[in-house]
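Chemist: Annotations per Swiss-Prot:
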BINDING   13, 14, 15, 16, 17, 18  FAD binding site
BINDING   273-287  NAD(+) binding site
């Protein structure tokens, strides 16, 4: 049975990757279908109730700069906002919000339902229809066929998902949801490498059974941060505190005593878990010398008594979970509402993807999110936006696009995955970006919004606000460079008391701001130097661009040097055996990874600069040397 309409783009899955993919495609004018097994769970936060953080907040800002929904929903759902690394340099500062699950889901669903060109339909997908290595549609569990030349799969943990609690296990996509068994079996027939990964979640606790007075209160920041470039603090709901407590030796003894019934340590779980978000039993095993581990007690919302104890993800049996929870200070009488569990699921080797997130072997088939081996809402959302955007571009007959490593954390993410692959759930950190001084949270819009507008992702309202902000920054920088103060100026009376060294020669306002003891707000508050910019984000840009100009220029010079051949394309059908001078090891690695560009090839372990030079000479001789847009 065929559905009565044909679509340009079909998105399978309604999590963070799927919603951003569907919205991006629809914003660009493509007739888009979002298929989900349950409309009520669209935008569901399956694990921790938080958005952002180190590296992750940068991705959220980039999604937002390209017109995505995650940051907007967070501003409406965030019940505690903090700026992490606030005492450090701007490159590593990151916004994190504790989010109300229900409010977040509601806002995402509202955005989806009001998006033109987007149809939502409730059916699980069982089959992928492929003809001559070209995807042509999908078939749902009731045999309904939907036709489309592009399909974006955002299946999360649902592919052959298996949930583990102690030695008990059962099939599931997440707690309370069925797995996608038929689709997983169909995908295993494709010429794409497949593996298994694992993730987990902690038990949820009844807040009424917790003694918060025994814990350390953790309040949000004042003034309140805002996640979206078009958001404001008035959108935030009521703000509340989180709390901090710790495990202890008794907790660790309880965990050690239960390891014989742990699916992780008895060989039942084969999938590899996330290195940077390990289970509590993994922490006890790997860091045996530590007598205590921090636990963040995070509320799941304003209208629920559920608490998420961040730091004790576990798949231990329920009786062990209850005992370990009750051994923790403040939770001696705690009641578990939902047990913690681990989930194993299929993922596909991201080295089999182009940097557009289209598979290299099946035209029109795109993967985004945990199916590519990543972990985290933010990583999923960023991939979803890119995949949905590129599916739409492909339908429109236009060239696909992916930011470079020096343009966005999204570029770093995709390049890492498609070039190096991953054997464990991949999460983003600022340390993964070699050009992080240029890839700050605060300038994500300046980096990406113009490109988003060009691609059709950015609406008129966002574009107007962005251009106004960008113009105000440029005009203010011009003013600071063009206004000067002289040693005999009457303004010295208010200025010199604020300086470590008094003015002895003429200096521009920009020179004054560059001094370490001076900041923009202070300078603008002095009579004769203001009034300055009212928009705090624009003012922050001015300060950063002035104070870090030397470092920024140095990094830009490094990029210009590296980029000379970064985008030189490697033809997909290039036979590396025919390239004279390449070693057998290099040939094997290039055939295994199949890099899209010289830049990707250069980052493969074991590929030497000499091998890159040989490739460039070969491409030039054959007239094959061309670059991406």
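Glycine residues also receive a Cβ, built from the backbone N, Cα and C atoms like all the rest.
Given the structure is predicted, the values throughout are model-derived calculations rather than measurements.
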Chemist: Work through the binding-site residues one by one (273, 279, 281, 285, 287) and name whichever has its CA nearest to the CA of residue 13 (FAD binding site).
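Modeler: The answer is 273.
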Chemist: In the same chain, outside 13, 14, 15, 16, 17, 18, whose C-beta lies within 8 angstroms of the Cβ mean position for the FAD site?
Modeler: 11, 19, 20, 21, 36, 154, 156, 369, 380, 384
Chemist: So if I draw a 10 Å sphere around the Cβ of residue 283 (NAD(+) binding site), how many other Cβ atoms end up inside it?
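Modeler: Around the Cβ of residue 283 (NAD(+) binding site), 18 other Cβ atoms lie within 10 Å.
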Chemist: Which one is closest to residue 18 (FAD binding site) in space, judged by CA to CA distance, out of the binding-site residues 273, 283, 285?
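Modeler: Nearest candidate: 273.
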Chemist: Does DSSP give residue 281 (NAD(+) binding site) helix, strand or coil?
Modeler: helix
Chemist: Whose Cβ, among the binding-site residues 16, 275, 285, has more other Cβ atoms within 10 Å than any of the rest?
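Modeler: Its Cβ has the most other Cβ atoms within 10 Å: 16.
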Chemist: Rounded to an integer, what is the Cα-Cα distance in Å between residue 14 (FAD binding site) and residue 281 (NAD(+) binding site)?
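Modeler: About 31 Å separate the Cα atoms of these two residues.
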Chemist: What is the separation, in Å, between the Cα atoms of residue 283 (NAD(+) binding site) and residue 16 (FAD binding site)?
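Modeler: The separation of the Cα atoms works out to 28 Å.
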Chemist: Out of 17, 277, give me whichever of these binding-site residues has the highest number of other Cβ atoms within 10 Å.
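Modeler: Neighbour-count leader: 17.
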Chemist: Taking only same-chain residues 6+ apart in sequence, whose CB is under 8 Å from that of residue 281 (NAD(+) binding site), what do you get?
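Modeler: Expected: 255, 258, 259, 262, 264, 265, 314, 315, 316.
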